[in-house]
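Lifted from TrEMBL, the feature list:
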- 213-286: domain 'Glucose-methanol-choline oxidoreductase N-terminal' (DOMAIN)
- 371-486: domain 'Glucose-methanol-choline oxidoreductase C-terminal' (DOMAIN)
- 62-108: region 'Disordered' (REGION)
Amino acid sequence: MTRKIPTHVDVAIVGSGPSGATYARVLTELRPDLELATFEVGPVVSDPPGSHVKNIVDADERSAAQHASEGPSAGDISDGRLRRPGTFLLPEGFQQDGEDGIPSAAMSSNVGGMAAHWTCACPRPGDSERIDFIDELDDLLTEAERLLCVSRHAFDGAPFADEVRRRLGGEFDPIRSPGREVQPMPLAVQVDGEGRVTWSGSDVVFGDETRANPRHQLVPEALVRRLIIEDGRATGIEVVDLTDRSVHVVTAGEVVVAADSLRTPQLLWASGVRPHALGRYLNDQPQVIHAVRLRDVADAAVADVDPRGRSVIVGQSGVSWVPFTDEEPFHGQVMQLDASPVPLAPGDVPQPGTIVGLGWFCAKDLQADDRVEFDDTATDGYGLPAMRLHYRLTDTDRASLAAARQAVQRAARALGEPLDPEPRTLPGGASLHYQGTVRMGAADDGTSVCDQYSRVWGVDGLRVAGNGVIPTSTACNPTLTSVALAVAGARHIAETVSTTAIQEALA
Ligand code: FAD
């Protein structure tokens, strides 16, 4: 039976990751009178739709959900580039001659987007990471923490976590201001009274409120291939129903494109919306990793196994945070593991939690020339304009990477004995935090694509969402910030849009 795709909505949302889900949830709460629909090119891979695949107990089911998220070329890419389960890599165009490129540029196509596969770290940006023209940023971040169910205390009881933070704090805290000391990583996760762990995905952002909203429809396997722009206004979208290849026009009062940092500018480009900054200032946080074995720790009791079998790892894990500061411009993420990531001597089985993985993210030296370009003739696996990345690390970036290597070695020495002699620099794209391509700005001066409410300059009724709107050079994980910026955009729609006004606009 052909499913029913709406012909008109008040707000059409493209993409069901946490940014798109934020618009659906906030509008559901503030404006239950509005007709809403979220269109997602990928399938439902988890229950509730958009939930984190780590919550799937059965390993085969989990792996099938990851595979189903890997887009039209799932499994095709075997050229040795680093790829995380649940994601697929840009098949070509990721590196131009003489440039660094972003070899591991990745995407996910599933209800929930990348947030069905993410690590759930939700730090607040600090110092120069913050967006100085948004006065209410802290209020927006607080709301984003509510929507993502962020907790600072989920794993307070993890073995050795206090000791890890004490040692890191001894090394890094002396020059830090209040609030930016070493601390537990805020995580989007809920732990119930019996210790069961549920990682947040878009399902948590949608929430029961959106699922119960009779005026919201989630439409999976629906490719939005074009925005309809008439007389400088977005009036709808053109959707391909991938279940039967039928094509539908959905008129809309407002359109929100939350289709990730590469595909949001792609859809604008495909629709003839091509502001100068579109696709530019592309940035990916260079990353250095290292691993150590904690020295001098007493044996700790092994935590109980989760009755549903899914928090065994977590019960042994602590995640600590060394926040970004202008003086030490790195974001440090320190994860205690239940097993060693590298082979140890035969018979050497480390106590869970005593092997610690360190990841230091750098802030990119932003350049307008770092960009995703789109082809007017060649297409990608979805039939949308093929992408070509131009990307270079500057001398400043190389100096920053060298300093990050030193910082991660300082952290490792404070904690214990490194497993490898040197830290490793990950390939470009490994951060999975791509930003800047539809960045917001305080003025329409050619260096930004949208305003602080995510309205695309010069096109009424069109907003963009996701990490691409973040204009600053951040080192911290971006999702909390992009959800906060989506909250601002959704609140603005709630305050400014009336269904009558929309109908008049369309008349
Ligand atoms: P996405 O989640 O990417 O969702 C975009 C959606 O749009 C996708 O589902 C896509 O299929 C859909 N779409 C694209 N084009 C179209 C179209 N034309 N029509 C219809 N639908 C379309 N971030 C953090 O902050 N902290 C972390 O700890 C962290 N860890 C990560 C670990 C892993 C392994 C991965 C993969 C990611 C991680 N991230 C982390 C990144 C995080 O998942 C993303 O920042 C976040 O999901 C971005 O949300 P989004 O809604 O903007 O985009």
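Any Cβ shown, glycine's included, is placed from N, Cα and C.
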- What mean pLDDT does the predicted model reach across the domain 'Glucose-methanol-choline oxidoreductase C-terminal' (371-486)? 97
- Query: Counting each residue once, how many in the domain 'Glucose-methanol-choline oxidoreductase N-terminal' (213-286) are helix, strand and coil under DSSP?
  - Reply: 8 helix, 36 strand, 30 coil
- Query: Which residue counts does DSSP yield for the region 'Disordered' (62-108) in the helix, strand and coil classes, in that order?
  - Reply: 7 helix, 4 strand, 36 coil
- Note on the structure: Its residues classified by DSSP, the domain 'Glucose-methanol-choline oxidoreductase C-terminal' (371-486) shows 32 helix, 30 strand, 54 coil
